[in-house]
């Protein structure tokens with residue numbers, strides 16, 4: 001367990017230190033492409049882990065980011081890692097914490113932020129209401145009859161409004 005303040009410090013530290021190896025080069029992940037999600041974004045007082053969403057600018061890079069993740073100046077070990085999710089244990093101030101990393105393409109960003117911020121109970125209610133209208137919402141997009149529904153949105157707030165719901169800031173979601 002860690003406090004909200006500790007979680008924010010870890011994220012601030014990581015923003016300038018995340019990179020991945022690609023074709024023999026170390027590519028820095030820009031701070032603007034790192035989004036805190038999960039209980040940290042909901043500003044819960046105590047956190048089980050730190051969840052970060054990494055926005056990947058090009059689809060061809062997607063499969064390279066997490067399996068080749070590097071954190072400058074921070075000791076870490078990989079528990080499990082795939083193309084879209086990686087669970088790490090990081091050493092921070094003489095303690096070990098779990099860091100969950102997720103990836104999304106730029107066009108998936110609002111959906112991924114919504115999905116990974118949660119909480120699960122809130123997502124279930126939104127998805128149940130959408131299911132009654134034959135829609136499916138996940139971290140990749142909005143679908144009707146298994147076909148992606150293109151929405152002209154760039155933020156989570158726009159997504160919620162487009163779906164016909166009232167936007168709630170993450171810490172007010174139940």
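Backbone N, Cα and C define each Cβ position, glycine as well.
Secondary structure at residue 51 (Mg(2+) binding site), as computed by DSSP, is strand. Within 10 Å of the C-beta atom of residue 51 (Mg(2+) binding site) sit 23 other C-beta atoms, taking all shown protein chains into account. Residues or ranges marked as Mg(2+) binding site by Swiss-Prot: 49, 51, 100.
Listed in sequence order, 66, 67, 69, 78, 80, 100, 101 are the same-chain residues six or more apart from residue 86 (disulfide bond) with CB atoms under 8 A from its CB. Under the heading disulfide bond, Swiss-Prot lists 81-86, citing experimental evidence as support.
Sequence-distant contacts of the region 'Involved in ssDNA binding' (42-51) (same chain, six or more residues past either end, CB-CB distance under 8 Å): 1-4, 6-7, 10-11, 36, 97-100, 102, 116-119, 170-171, 173. What Swiss-Prot lists as region 'Involved in ssDNA binding' is 42-51.
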Spatial separation of residue 81 (disulfide bond) from residue 49 (Mg(2+) binding site) - C-alpha basis, Å: 16
Tertiary neighbours of residue 81 (disulfide bond) (same chain, Cβ under 8 Å, six or more apart): 66, 67, 69, 87, 88
